[in-house]
Every structure is written in structure tokens, then in C-alpha cells.
Amino acid sequence: MLRALLLTLSVVAVAHAELCKPDAQNAFKVRISIKTALGDNAYAWDANEEYLFKAMVAFAMRRYSSKSTTQISNVLLCNVTDRVSFWFVVTDSSKNVTTVPGSEVEAAIRMNRNRINSAFLLSDKTLQFLKITSTLSPPVEPSTPVWLIVFGVVLCIIVAGIVFLIVSGIQKHKKKNKESTERENLEEKVEVTLENGIPCEALDLKPGHINGVFAADDERFTSL
Amino acid sequence: LSATPEVPKEDGRPKWDNKFQYILSCIGFAVGLGNVWRFPYLCQIHGGGAFLIPYFIALLFEGIPLLHLELALGQCLRKGSVGAWNTISPYLGGVGVGSWVVSVLVSLYYNTVLTWVMWYFINSFQEPLPWSACPLNENRTGFNEECYESTAVNYFWYRKTLNITPDIAESGTLQWWLILCLATCWAIVYLCTIRGIETTGKAIYVTAIFPYLVLTIFLIQGLTLPGATDGLIYLFTPNLNTLKNPRVWLDAATQIFFSLSLAFGGLIAFASYNPTKNDCEKDAVTVAIVNSMTSLYASIPVFSVLGFKATTAYWDCLDRNIISIINEFDLPEESIMQQNYTSWISFLNSSYPEKIAGLKLKSCNLQEFLDQSVSGTGLAFIVFTQAIILMPGSQAWAILFFIMLFSLGLSSMFGNIEGVFTPLLELRIIPKSAPKELLSGIICLISFLIALCFTLGSGSYWIDIFDRYAGSVPLLVIAFFEVIGVAYIYKIKRFSKDVEWMTGRKLNLYWHITWRFISPLLLLTVFMAFVILQMQKPPSYTAWNPKYEGFPMKEEKVYPPWVQAICVLLAALPCVCVPLVALFHLVKQKCRSKDPSFVSPEVFSCQGANS
């Protein structure tokens with residue numbers, strides 16, 4: 001009885017070894033970079049983490065195919081290295097010693113990638129399934145591009161400045177015109193005033209004009 | 001002259017509010033984008049600190065004398081470039097017209113460079129910066145191919161900003177976002193130059209001083225970045241062997257000449273608004289020295305940042321190699337660090353050489369990254385933007401950097417526009433009753449419409465052409481005729497008397513020697529060397545072609561014949577004004593001399609203009 005058990009176990013082990021090895025059919029390589037992702041909060045990769053991984057893959061398969069036949073024991077891990085990287089396959093419990101086609105596994109993982117990542121506190125870059133490409137999320141784009149808003153603000157300020165300067169220029173021009181017409185009116189009034197038939201304006205414009213006749217006379221008088 | 005004390009004649013000419021405004025305007029005009037993105041590059045490729053030797057020699061014998069000449073001329077004659085040269089001698093009127101044409105051509109394309117700066121500025125408000133990551137392709141499985149093969153920064157510059165065509169003959173379409181930015185830039189220029197120096201005088205306080213503030217902030221930040229010292233050592237380590245190469249001397253002479261913005265007519269215009277009794281000699285020396293000091297001061301943060309970028313690139317290179325090795329050999333994480341990388345590599349190479357060869361590791365060499373020297377728009381829009389992404393708080397740095405570039409360019413634009421505006425104002429293009437605002441508005445509107453050509457897909461190729469041909473050779477020719485005209489036609493004796501009257505002291509022997517002999521000779525040599533170098537190979541350009549097999553390297557192409565004709569036209573147009581106007585006056589004189597009632601115009605003198 002014991003011998004039969006041992007025999008089945010060894011057969012199963014050998015079968016597993018056959019199914020899960022590097023570059024086997026339907027096998028995927030996983031590469032995990034915990035220290036890069038978490039730095040000081042990095043956890044160690046041990047058997048418990050491996051168990052969680054198997055559980056997540058089984059969960060993904062169940063969710064994808066919606067039939068609850070995949071067990072944790074169906075997920076086989078092998079060749080775990082220090083890097084942390086390993087290979088895994090998913091066996092089909094209904095059919096003996098075969099693996100689930102790679103395309104199904106790929107689709108299942110793709111569908112649940114987010115959940116798998118968050119279970120390990122990792123991201124697409126730090127938990128890599130080497131043959132499974134991830135759909136990249138586009139960057140968040142606001143409805144109006146930011147630059148258009150800034151541009152609008154700048155343009156409004158500039159236009160306001162230009163309008164202000166032009167308006168103030170026109171006002172200054174008008175004031176200057178008004179002043180010059182006022183001065184003209186004033187000058188006209190001044191021109192009207194006469195003194196001895198000579199316009200005052202003519203008199204005013206000659207500053208300090210020395211009358212040669214009187215100056216000569218003065219000299220004659222003071223030479224005593 | 002009357003015995004009464006000097007009373008400044010009210011000729012209705014606008015004047016500076018104070019001397020500081022004038023000096024600041026000249027400094028702002030001289031200090032431009034070239035101080036930030038051309039001088040550090042030249043320093044780097046021409047032997048670091050050793051480049052300062054030819055640079056200062058050129059400053060002493062070419063820069064300062066020509067600057068003093070222009071400022072003295074403008075101050076004495078109190079007219080813009082066209083009027084001033086007409087007054088010196090009608091045969092030299094062409095020099096003024098040539099200056100005016102160059103100012104027009106340069107204003108057109110210079111503001112388009114500012115358009116690019118503005119575009120980057122308004123894009124710097126986004127988080128994350130749009131040039132930090134590649135956009136996805138259509139089916140979202142990977143990145144955009146053009147972006148992926150080059151870099152995100154390159155993609156943003158060539159595709160998202162310029163939308164560049166692969167060939168200059170393909171014009172592409174007008175880029176609407178660039179048109180919007182171009183309109184804004186011309187609106188800003190109009191706002192600041194709306195009433196001539198009345199408004200630029202106020203604006204210059206901000207646009208001339210602000211760049212120094214930002215440069216200081218970048219200096220402090222730059223020096224704290226890792227790898228900054230590597231960059232600075234690399235920049236300033238003198239390599240005296242480079243001085244044996246005549247190319248270095250030529251580059252120093254041309255750099256000083258173009259950096260001081262000589263022969264544009266803008267300096268003459270600025271000086272013409274001065275009172276005549278002003279020490280133009282001290283002003284010239286001040287402006288020239290401040291300009292050179294600014295170049296030196298700007299190269300420190302630029303090279304700190306470049307050193308930082310090179311160091312980061314080097315570390316990235318090492319990290320990528322380390323990851324490949326760890327993945328290949330399934331070694332635990334953090335077993336290979338940057339410090340023990342070399343020992344690991346030698347160990348693995350000896351034990352598993354085929355595996356290592358199969359990984360195709362890139363050799364990471366810090367010197368190589370430092371050697372990647374760029375100047376011009378490449379420095380600002382590709383290299384610097386990449387470095388900014390790596391800095392913490394990158395948006396703030398990007399905003400500061402692009403405002404600084406914008407101020408630097410704007411203050412130079414003031415000088416260019418003044419060189420266009422003042423002669424037109426004096427030629428009475430518009431009736432005197434019309435406001436000045438109208439003339440500046442017309443200038444800005446026409447320039448905007450013409451500059452729309454530069455917003456096409458091939459626009460940046462055309463700007464390179466304008467920069468290389470319109471903004472280089474004609475200036476040398478005009479400056480040469482300026483010095484010859486003042487030294488030999490107006491005669492140095494008369495000019496020195498004028499300068500003595502203005503400054504109040506006798507003209508130093510240094511000015512006599514440089515104006516009479518050294519500067520004209522130097523200009524002639526530089527001009528000939530420049531032309532010979534240009535003629536040595538057919539004019540070519542590098543195009544950004546995603547379909548090129550060497551992509552992301554740029555494709556070297558030769559200009560088609562019709563473009564070469566335009567290049568020649570651009571270079572020749574300002575130069576040809578000089579002999580044309582002289583010829584025109586010669587013919588007029590010949591016709592007039594047959595008329596006996598003709599009286600020759602009286603001899604002009606600086607003092608005579610103001611009594």
C-alpha cells in the first residue's frame with residue numbers, strides 16, 4: 001500500500017518535472033524585482049509567497065474560464081532562482097498530465113493582472129511575465145489641454161495692456177490738442193490788447209533789449 | 001559758439017528717462033540668447049579656459065572699438081542709422097540702409113525663435129512635463145515608433161513643436177499652435193515697443209534684469225546637482241593646444257562681433273536718444289564688459305546642468321547593463337552595484353565570455369557623455385529640457401528657464417525693432433500727425449504676416465538659413481564700411497574732436513590705433529576667412545527624417561539650387577545697398593555738377609548740430 005503510494009507520488013513528481021521546466025510548452029517565466037519596487041520594505045521571497053502566487057494564478061484561471069476546476073495544486077512552479085525568477089505551468093486536472101494551453105493562461109493573467117500585481121504590492125514592471133505584454137495605460141489627459149488655458153491667460157493680459165496703452169495714448173493726444181487750442185484762444189485774446197498802438201506781445205518778446213541811445217547818454221552823464 | 005551756458009535744444013526727440021535705462025537697453029540688446037547657448041558651446045569645443053584668450057583679445061581689438069564707434073556716432077548725430085550715415089556722407093547712406101535691411105531680416109526670424117520658447121513655456125505648466133514620456137501608439141501596445149527610436153524630448157521638439165518635414169523643399173502645412181504663439185509674441189513686442197523708447201525703457205527694467213536673477217538661481221541649483229563639478233571641470237580645463245587652430249580665433253572674433261549686436265543700427269538708434277554731453281566711451285566699455293561677463297556667468301549653470309545630465313546618463317547606462325546581467329545570470333537584486341560593476345564585468349567576462357557578448361552591453365563612458373556638445377536650439381530645447389526632467393520640481397525649473405530665455409530674446413528684439421523703427425520714423429513714412437503707435441503697429445503686423453512662413457513644417461530649416469546667411473556676413477561687411485567710413489571719409493581728426501566734445505576729455509591713443517588700423521584689418525581678415533570657410537563645401541543642412549536608415553541620426557542633405565540662390569540673396573541684399581546708394585549719389589552728383597547754381601552741402605560737425 002505504502003509502496004503503491006510512493007510509486008504514484010514519484011510518478012506524479014516526475015510528470016510534474018516533465019511539465020514544468022524552462023522553455024517547456026505552455027510554461028511562462030516570471031521575474032520579480034521586490035527590492036526595486038519596495039526598497040527597505042522589501043519582503044523575502046519564500047515558500048509562503050510561492051503559495052500566494054499559485055493561489056493568484058489559480059484565481060485568475062477560475063475567473064477567466066468561470067469554471068471552478070483549477071486548484072492550487074494545478075499550478076506548478078520550478079527553477080526558482082535568487083534573482084527571483086521562476087517558471088510555472090498550469091495543469092489541467094480533467095485531462096491527465098497535460099497543461100492548459102498557453103493562450104488561455106495568457107488571457108487569464110492579462111485579465112487579472114491588476115489583482116495579481118496588487119497582491120504582491122508590485123507593478124507591471126517589477127512583476128514581469130516574460131511572454132505576456134501588458135496593455136499600457138495612456139497618460140491622463142485633461143479635457144482642455146493645459147497649454148491652451150495658459151495661452152489664453154497670457155493673451156488676455158497682453159491684449160489688455162495694449163488696449164490700455166492705446167487708450168491712454170489717445171487721451172493724451174486729445175488733452176494735448178485741447179491744451180494747444182486753449183493756448184491759441186488765449187494768445188488771440190492777448191493779441192487784442194494793445195499799448196500805444198504796439199501789441200504787448202511784441203514788447204514782451206524782447207528781453208533786456210538795451211536801447212543804445214540811452215546807454216550812451218548814461219555813460220556821458222556818469223563820467224564825472 | 002555763443003558765450004551763454006549750454007542749454008539743451010528742444011528738438012522734440014524722445015529721450016531716455018535716465019542714464020540707467022539707456023545702459024540697460026544697450027546691455028539687454030547685446031546680451032541675448034547667444035550668450036547662453038553659443039558661448040558655452042564654443043568654450044567647450046575650443047579647449048575650455050584657453051578659449052578666453054582669443055575671446056578677450058577679440059573683445060579688446062574689435063568689440064570695444066566698434067561699440068564705442070557706434071554709440072559715439074548715434075549720440076553725436078542724434079539720428080537713426082539711415083539718417084546718421086546720410087549725414088556723414090551721402091555716399092555712405094547705403095551703410096545705414098544695409099543696417100536697416102539686416103535689422104528687418106533678423107527681426108523676422110528672431111521672434112520665431114521666441115515663439116518656440118513661448119510654446120515650451122506654456123507647456124511647462126503640465127504635470128508631468130509633456131516631453132518627459134513618449135505617447136502611446138494606436139493600439140496601445142507600445143510607444144509611438146518615432147518617439148521610441150529617438151527620445152521623448154526629441155519627439156516633442158521635432159514632431160509636437162515643429163512638426164518638421166524631412167526636406168526643406170517640402171513646406172508642409174502651417175502649424176496652428178505655432179501661429180497662436182507667434183501672434184502672442186508679436187503682440188508682446190508691440191506692447192513693449194508701442195511708443196518707441198518710452199515703453200521699451202520701462203519694459204527693459206524687467207527683461208534685462210530678470211535673466212540675471214534666474215541665472216543666479218540656476219547657478220545655485222546647478223552647483224548642488226550631482227555631477228555638476230565634472231561638467232565645470234570639463235568646461236574650464238584649458239587646453240592650450242587648441243590655440244594653434246586658426247578656426248578658434250575666427251570663432252572668437254565672430255562670437256564677440258555677433259554677441260555685441262554690432263552693425264544692426266539698433267545701438268546707433270539707442271545712443272541717438274541720449275543728451276549729447278554724455279560719456280559714450282565709458283558706456284561702450286561698460287556694455288562690452290558686462291556682455292562678456294554675462295557670457296561667462298551663464299556658462300557656469302549651463303555646464304553644471306550639462307555635467308549633471310551626463311552623469312545621470314552614465315548612471316542610467318550602467319544601470320541598464322547591470323539589469324541585463326542580473327536578468328541573464330539570475331543573480332539576486334543589488335548584487336551588482338555601480339561601484340563593483342567593473343570587477344563583476346571582468347569576472348564574468350573571463351568565466352562566461354559568450355554570454356556577455358550575447359548581451360550586447362553598451363560601453364558606458366562618462367567622458368563620452370560629456371563630449372556630446374550642442375549649441376543653439378538643440379541645447380535649449382533638447383539637452384536642457386532633458387536635464388530639467390531629471391531635477392526635482394521640474395515644472396518650476398522649466399518655467400523659470402523658458403521665461404529667462406524669453407526675456408533674453410525680448411530685450412534683443414527691442415534693439416532690432418528700434419533699428420527698424422527709428423529710421424522709418426525719421427524718413428516720415430507716416431504723416432507727423434499720425435501717432436507713433438500706428439507705425440509700430442504696422443511694423444509688427446507686417447512682420448507677423450511675413451513670419452508666418454516660419455511656422456510651416458520646413459520653418460526651422462529656413463530659420464537656420466536666415467541665421468547663417470542674413471545674420472552673419474552682411475554684418476561684417478557693414479561694420480567694415482562703418483569703420484572705414486568714420487576713419488577715412490569722415491576723418492578721425494574730426495571724429496575725435498566730436499568725441500572729445502561729448503566726453504569732455506581727449507581721445508586715447510588706443511582708440512586712434514584701433515579705429516584706424518586694427519579693427520578694419522581684423523574685420524577684413526574675419527570676413528575673408530568666414531567666406532572662404534563657407535565656400536569650402538557646398539552648403540548643407542541636417543534634416544530630421546524618420547524614414548532615414550540612420551535614424552535617429554539626422555540626415556545630411558545639400559540645399560537645392562533655388563534655396564542656395566535665396567541664401568546668396570539674403571547675404572548679398574544688405575551688402576549690395578552700400579555700393580548701390582553710393583552709385584546713386586554719384587550719378588546724382590554728376591547730373592547736378594552740370595548745373596552751375598548747385599552749392600555743395602556745408603561741412604557737418606557734431607557741435608554744429610546743437611547750437
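Going from the start of the chain as shown, residues are counted 1 onward.
Glycine is treated like the rest: Cβ placed from N, Cα and C.
If you check TrEMBL, you get these features:
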TRANSMEM  B:20-39  transmembrane segment
BINDING   B:G28, B:A30, B:V31, B:N35, B:S259, B:N291, B:L408, B:S412  Na(+) binding site
TRANSMEM  B:45-67  transmembrane segment
TRANSMEM  B:88-110  transmembrane segment
TRANSMEM  B:174-192  transmembrane segment
TRANSMEM  B:204-228  transmembrane segment
TRANSMEM  B:248-273  transmembrane segment
TRANSMEM  B:369-390  transmembrane segment
TRANSMEM  B:396-417  transmembrane segment
TRANSMEM  B:438-463  transmembrane segment
TRANSMEM  B:469-490  transmembrane segment
TRANSMEM  B:510-533  transmembrane segment
TRANSMEM  B:562-587  transmembrane segment
Please determine whether the transmembrane segment (B:174-192) and the transmembrane segment (B:396-417) are in contact (criterion: at least three Cβ-Cβ distances under 8 Å, sequence separation 6 or more).
yes
For the transmembrane segment (B:369-390), I need the partner stretch with the highest count of C-beta pairs below 8 angstroms, choosing only from B:20-39, B:45-67, B:88-110, B:248-273.
B:20-39
Cβ contacts of B:N291 (Na(+) binding site) (under 8 Å, same chain, 6 or more positions away)
B:I27, B:A30, B:V31, B:N35, B:S259, B:L260
Best-contacting stretch, by C-beta pairs under 8 Å, relative to the transmembrane segment (B:20-39) and drawn from B:396-417, B:469-490, B:510-533, B:562-587
B:396-417
CB contact flag for the transmembrane segment (B:396-417) and the transmembrane segment (B:469-490), at least three pairs under 8 A
no
Cβ within 8 Å of the Na(+) site's Cβ centroid: which residues qualify beyond B:G28, B:A30, B:V31, B:N35, B:S259, B:N291, B:L408, B:S412?
B:I27, B:F29, B:G32, B:G34, B:S261, B:T294, B:S411
Outside the transmembrane segment (B:248-273), six or more residues from its ends: residues with CB under 8 Å to it
13-16, 22, 25-26, 29-30, 32, 34-35, 38-39, 42, 46-47, 51, 54-55, 57-59, 62-63, 66-67, 70-75, 77-82, 84, 96, 99-100, 102-103, 106, 197, 242, 280, 287-288, 291-292, 295, 412, 415-416, 418-419, 421-423, 471-472, 474-476, 478-479, 482, 522, 526, 529-530, 533
In sequence order, which residues at least six apart in the same chain have a CB under 8 Å from the CB of B:L408 (Na(+) binding site)?
B:V31, B:G32, B:L33, B:N35, B:V36, B:T207, B:P211
Chain residues outside the transmembrane segment (B:88-110) and at least six past its termini with a C-beta under 8 angstroms from it
73, 77, 80-82, 263-266, 268, 409, 412-413, 416-417, 419-420, 423, 447, 450-451, 454, 462-463, 466-467, 470-471, 474-475, 477-478, 481-482, 485-486, 489-490, 570, 573-575, 577-582, 585-586, 604
Helix, strand or coil by DSSP: which one applies to B:A30 (Na(+) binding site)?
helix
